[in-house]
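Record features (Swiss-Prot):
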type    : residues                       : note
BINDING : Cys110, Cys112, Cys137, His139 : Zn(2+) binding site
BINDING : Lys251                         : ATP binding site
MOTIF   : 21-31                          : motif ''HIGH' region'
MOTIF   : 248-252                        : motif ''KMSKS' region'
Amino acid sequence: MKLEPLFDLDPNVTVRTRFAPSPTGYLHVGGARTALYSWLFAKHHHGEFVLRIEDTDLERSTPEATAAIIEGMEWLNLAWEHGPYFQTKRFTRYNQVIDQMIEQGLAYRCYCTKERLEELRHSQEANKEKPRYDRHCLHDHSHSPDEPHVVRFKNPQEGSVIFDDAVRGRIEISNSELDDLIIRRTDGSPTYNFCVVVDDWDMGITHVVRGEDHINNTPRQINILNALGAPIPTYAHVSMINGDDGQKLSKRHGAVSVMQYRDDGYLPEALVNYLVRLGWGHGDQEIFSREEMINLFELEHVSKSASAFNTEKLQWLNQHYMRELPADYVANHLAWQYRDLGIDTANGPALTDIVSMLAERSKTLREMALSSRYFFEEFETFDETAAKKHLKAAAVQPLEKVKEKLTALSVWDAHSTHEAIEQTAADLDVGMGKVGMPLRVAVTGAGQSPSMDVTLAAIGRERVLARIDKAIAFIKAKAA
């Protein structure tokens, strides 16, 4: 029954998948994993990936949510060959198909009032029958098409819908369980389940990867596709993601928005690697490059069971990628964190140096940015615990002595500053810690930092000397 095709599809493409979010909120991690699985399956089979925005819920859909979804997909580097397509721009197409279905007896107008449908439902419930439409209007020709009505799909009454789910195996639903679905509302707008069918048909979708919450929609959609004479895609319904307490993942478990993970300082490679393993695996392997994911991914290896989100595992992966990815790439993502925090990095070390110094010490880029402010801007106060422990009267002499050594350096680098600290300790006949720890608190404001030689070299001579003076003044003011 296909009308003129609206898309110029490459006949040589044998696999075409889609990700079809509703723009009623952000891109959450469950949706991101679905998109990733769909994308990987297409890439594995040298196919195409379509992005479709299912925005038929006019009251809840927003341009901001659409922008957030696209931003999330781009951040995860899940590029699409086609789209984004918007269902609200295809209403003419949907109604063309509905009108032709009415002409061919595949669908019919229903003029039943809300009151009649309520009475029918109460009657069926009283008789312990499953509530369903009784086809009162199927052969009723007493109404004018101009009267308010919905359009219902004429669902088969006999037999079953059987499909082989790529994740869950064979699923069978009796047609007696299915109603005559409304496919066009009284206001003339097509309904979600119908739009999805026409889109998958028009866009040549061969494999539909989506959440298990869509399983009940599948038999209805298959029946409509069969009525249209359209090919049936392979369906794959992936399990839900739970929190580590076994409950459905929600905000109380922490971040659920993809872009919140960006904001919290995770690299996209870490989140993608984590999500791919959240329901799929290849032996005991934990770390996967993008190329390995594409080469190894198959829907048959996706678990039917719900997965538990573990933030500690994600942090472990994030640390791995912060260490292993090129420093300039990590630095580009780190730069976003500094901008978001309002930290001006113009006067300070190269961000690649920050990555080299702090990648081993930080779980996230956010933590890295927050713990490295002292490289770029002055601090007002010292960490209270660190100052109480190390900025005491006994620290004045080591600080004054090391300042003399540092001031006299002809070359300011990690090697020279290390020698200055070492020589100060030797001159005072004390351990390195008696010099290094007060110096660390003096120049960073905190009790923890990378090794002092690289820290001093990165902060710069002028700032270091001024901060030592500030620490000495702080100690003397306390003692006064």
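Each Cβ is built from the backbone N, Cα and C atoms, and glycine gets one as well.
Under DSSP, the residues of the motif ''HIGH' region' (21-31) split into helix, strand and coil as follows: 3 helix, 1 strand, 7 coil. Over all protein chains present, the Cβ of Cys112 (Zn(2+) binding site) has 17 other Cβ atoms lying within 10 Å. Within its own chain, the motif ''HIGH' region' (21-31) has Cβ neighbours under 8 Å at 53-55, 57, 60-63, 65-66, 68-69, 71-73, 211, 240-241, 249, 256-261, 271, 275, 309, counting only residues six or more beyond its boundaries. DSSP assigns Cys112 (Zn(2+) binding site) to coil in the three-state reduction, placing it in neither a helix nor a strand. Summary of the Zn(2+) site environment: with the site residues Cys110, Cys112, Cys137, His139 set aside, the chain residues having Cβ atoms within 8 Å of the Cβ mean position are Tyr108, Arg109, Tyr111, Arg135, His136, Leu138, Asp140, Arg152. Cβ neighbour count for His139 (Zn(2+) binding site): 7 (other Cβ atoms within 10 Å of its Cβ, all protein chains included). The average pLDDT computed over the motif ''HIGH' region' (21-31) stands at 93. Counting only same-chain residues at least 6 apart in sequence, those with a Cβ under 8 Å from the Cβ of Cys137 (Zn(2+) binding site) are Tyr108, Arg109, Cys110, Tyr111, Cys112, His143, His149, Arg152. A sphere of 10 angstroms centred on the C-beta of Cys110 (Zn(2+) binding site) encloses 21 other C-beta atoms. Under the DSSP three-state reduction, Cys137 (Zn(2+) binding site) is assigned to coil, being neither helix nor strand.
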